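Participant: Take a look at the following structure, please.
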Amino acid sequence: MTSVVLEFSGGLELLVDGKKRLEQEVPDKLTLGGLIGWIRSNLIKERHELFSQGQRIRPGVLVLINDVDWELEGKETYNLSSGDCISFISTLHGG
Amino acid sequence: MAPKLCVLCAASRACLRRPKTSEAICKECFYSAFEDEIHETIVNENLFKPGEKIAVGASGGKDSTVLVHVLKLLNERYEYGLDLFLVSVDEGIKGYRDDSLDAVKRNQQEYELPLKIVSYSELYGWTMDQIVEKIGKKSNCTYCGVFRRQALDRGAEYVGADKIATGHNADDIAETVIMNFLRGDFPRLIRCSEAITGDSVGDSLPRVKPFKYTYEKEIVLYAHYKSLDYFATECIYSPEAFRGHARQFIKDIEVARARSIVDTIRSAEKFRTDPRTSSEQTLGACVNCGYMTSQKLCKACLLKQSLESDQKPDQGASQTKERGYHGR
């Protein structure tokens, strides 16, 4: 298993029992797309469509890899390493 | 993958791709670009004049929290000479507004700005919780939208403001452009893309949108990197089906081509109505409360009357329903 830190904010924390940050063991050799699918199946209890459609993150949810915009890191194709911090931030809630 | 360097300073590691330009830039260059572009909007669109009192609509959410932060910073940096106030509307929704109002109060202390909270219960005698209890969840957004717009005006008048600044961002405006386009509401299609609205009709305070060209993605990342304190939650009553579809559409095209958002706004700016066919409404004062209206009673008083008389809202109110809410 690979150990990563997951962060949920901007309202997404409500999909994972209000947890904003969790240290999580995930299967080895996941891509970020694979991680998104894994989170959807294993951590999210309800309203899955607010997070992703399969491995495709919902448009309007920002993803950061170690605090860097995932668009600079290959998005879904990024290979997860132990110790990575992945942040999911919704922009879809009122302002 | 080797870390990418910022294309602007070529010294630090890039941390985001800008949606408007596709440039990969570092945090420091992002802060400057973000703040400079808002300053440019303020200057180019003549949003403020020295000495004005500005009521900033503060909800405790991401947009208004970043707006308060940036306006305070730019006001000092470029000496706009503005007097800033925070105005918050308390709709009376338990478990939604209480928490976000706490975020506003923390902002008030951090930025040392005066705060005025106006509530639906003091203005109209009804909280949203009571309204929903009476009419159900179906058209409650109509009430909330009409009441909020007027409440923000009242709060701004109370503090003696000259203008109201709101946190509507480029994504919000593009969404509204799409909605007004689909409705065929031409006057609103043109108005919704303007950075200043409401100053031609006299009685209501002008509203300005310093974030008109600012992407939601950048607002959220700015708040994230600067660790600004905001509150994110969904209104417990709001299904907002029509805006939801427009929003989904805007977010989908953003993934395909991020510039589409600002292009949508630019295209709305190019629309013009034929002066021969556009009719100016004449505005007077509501006979009940004195708020500006083109009818005898303003929309808020009409809605209030319908709440109290058990009747369905009449023509004026149902028009509002078609036009949606939030005054975007």
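Start at 1 and count along the chain as shown; that gives each residue its number.
Cβ from N, Cα, C; glycine included.
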Participant: Given that TrEMBL annotates B:Gly57, B:Ala58, B:Ser59, B:Asp63, B:Gly167, B:Asp172 as ATP-binding, name the residue from B:Val43, B:Val89, B:Val146 that shares the site.
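Facilitator: Within the candidate list, TrEMBL flags B:Val89.
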Participant: Would you identify the secondary structure of B:Ser59 (ATP binding site) according to DSSP, in three states?
Facilitator: coil
Participant: Out of the binding-site residues B:Gly57, B:Ala58, B:Ser59, B:Asp63, B:Val89, B:Gly167, which are near chain A, with a C-beta less than 8 A away from one of its C-betas?
Facilitator: B:Ser59, B:Asp63, B:Gly167
Participant: So if I draw a 10 Å sphere around the Cβ of B:Asp172 (ATP binding site), how many other Cβ atoms end up inside it?
Facilitator: 26
